[in-house]
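Visitor: Okay, here's the structure, questions in a sec.
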């Protein structure tokens, strides 16, 4: 008998389970550490360069080291969670990330910092790979899961903009060491609370052995491809170095898929790739995050390099986005999702994101933040708030419980790969556009803004592509998810009534007030 899909799991009625909601806070704390790291380190790079005497070329390894291990181990770690237990994998990742953060903070030289960043990326991949799977198994009821997913997305997206603000405060107010040291108390608390509060659910086990060949192939493929992506900015996308690494990664990935098709115990059962809602929503989400990366990366550059903002002021400029996203995540989106279904929430979000990115084309070297940049930021925040939770819910709706960790890894890997490749391509195209405009006689500031405009326009194009893919691929899965959600809600409502009716029927039967036929109907 096939495993039940996550959207159709039976539920029982009852009072709120505080343990599950506190456990949600625990996994969100782990996500917060990862989300902060995505932006907080970038703010501190100049201070790190001055203190540890990095060259400009070596400085990129402070970021690249994390990205390589993070992107390479998401898929494998997610599947290990299915096999050996997600709680074990989550706690291992948190411990690694926390220890590596302490090592980063204490790093006396370049080599130690880069090595610690490799380890930190591994810990981040291992912990974050199973967070979605933990949430959907802890919250099987669609209404509860929508609220839990909203909280998760608030932390995942809001943490990035919070990192800009916190990075500016810590770097300017204390020292760059604190951007890593702040993770230590958060990590210790997350680990301690996770041991107590996250329910231990047995994994599938490794009775048939571990797919060593598949594990090595997929990890090698992702390591090599990721290295090619993160170093493309240095070597060029058309260089033999970049193309060689990307080609090698693709060859290994094809070999991995061939091996998986022939294995009785594959690390990644290929049936998962046939789940339309998972693959379609992952593609849409990847397109969206290209647009979001365009906003965060080039928006920061615009404020700091063109408008002369400092790190702290830049962080404050993005804070309204977090406020709007937080307001939407605190119950509004989850209620709309349950009432109207995924597509009626998702499509307005995609349209808003597209409109906001297009409005960023109005920026120039003299425009006011309040009248020209703030409105698009708020519109984009609304768009991401409306789109993110439906996409995540759709991605996991048809996934069997046994494959939830793997599916979580696929969602994360697809988002990471599209975001990384997209940002690298956008950076290259924006730089070329800036160089062309400067050569044509434009001022340095105007040429920079022209490059950013191209990046925003391509980001808007990706949002439009996301809208097309959603309409073409996700309407059927969205209707099925809405029907399953309403059925689960009806069952949850009916359960207390049925439970209350049983004692009454029993009393009538005992008193002889009902005929056998009536008792049978009851």
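Backbone N, Cα and C atoms are what each Cβ position is placed from, and that goes for glycine too.
Sharing the record's features from TrEMBL:
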| type | residues | note |
| --- | --- | --- |
| DOMAIN | 23-478 | domain 'Major facilitator superfamily (MFS) profile' |
| TRANSMEM | 21-47 | transmembrane segment |
| TRANSMEM | 59-77 | transmembrane segment |
| TRANSMEM | 114-137 | transmembrane segment |
| TRANSMEM | 149-170 | transmembrane segment |
| TRANSMEM | 210-230 | transmembrane segment |
| TRANSMEM | 242-261 | transmembrane segment |
| TRANSMEM | 282-303 | transmembrane segment |
| TRANSMEM | 315-338 | transmembrane segment |
| TRANSMEM | 345-363 | transmembrane segment |
| TRANSMEM | 375-397 | transmembrane segment |
| TRANSMEM | 409-431 | transmembrane segment |
| TRANSMEM | 451-474 | transmembrane segment |
Visitor: Report, as numbers and ranges, every residue of the chain located at least six residues beyond the transmembrane segment (149-170) whose Cβ falls under 8 Å of a Cβ in that stretch; write 'none' if there are none.
Guide: 24, 27-28, 31-32, 34-44, 131-132, 135, 176, 178-179, 182, 292, 296, 300, 310-316, 318-319, 321-322, 325-326, 328-331, 333-334, 384-385, 388-389, 392-393
Visitor: Take the C-beta pairs under 8 A between the transmembrane segment (282-303) and each of 21-47, 345-363, 375-397. Which stretch has the highest count?
Guide: 375-397
Visitor: Mean pLDDT over the domain 'Major facilitator superfamily (MFS) profile' (23-478): what is the value?
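Guide: The answer is 87, the mean pLDDT of the model over that range.
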Visitor: Can at least 3 Cβ pairs under 8 A be found between the transmembrane segment (114-137) and the transmembrane segment (409-431), with each pair 6 or more apart in sequence?
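Guide: Between the transmembrane segment (409-431) and the transmembrane segment (114-137), which are separate recorded stretches, there is contact, as judged by 3 or more close Cβ pairs.
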Visitor: So, taking each listed stretch (21-47, 210-230, 345-363) in turn and counting its Cβ pairs to the transmembrane segment (409-431) that are under 8 angstroms, which one gives the highest count?
Guide: 210-230
Visitor: Residue list, the transmembrane segment (345-363) vs rest of chain: Cβ under 8 Å, 6 or more residues beyond ends.
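Guide: 284, 288, 291, 294-295, 299, 302, 333, 336-337, 372-373, 375-380, 382-391, 394, 449, 452-453, 456-457, 459-460, 463-464, 466-467, 470-471, 474, 478.
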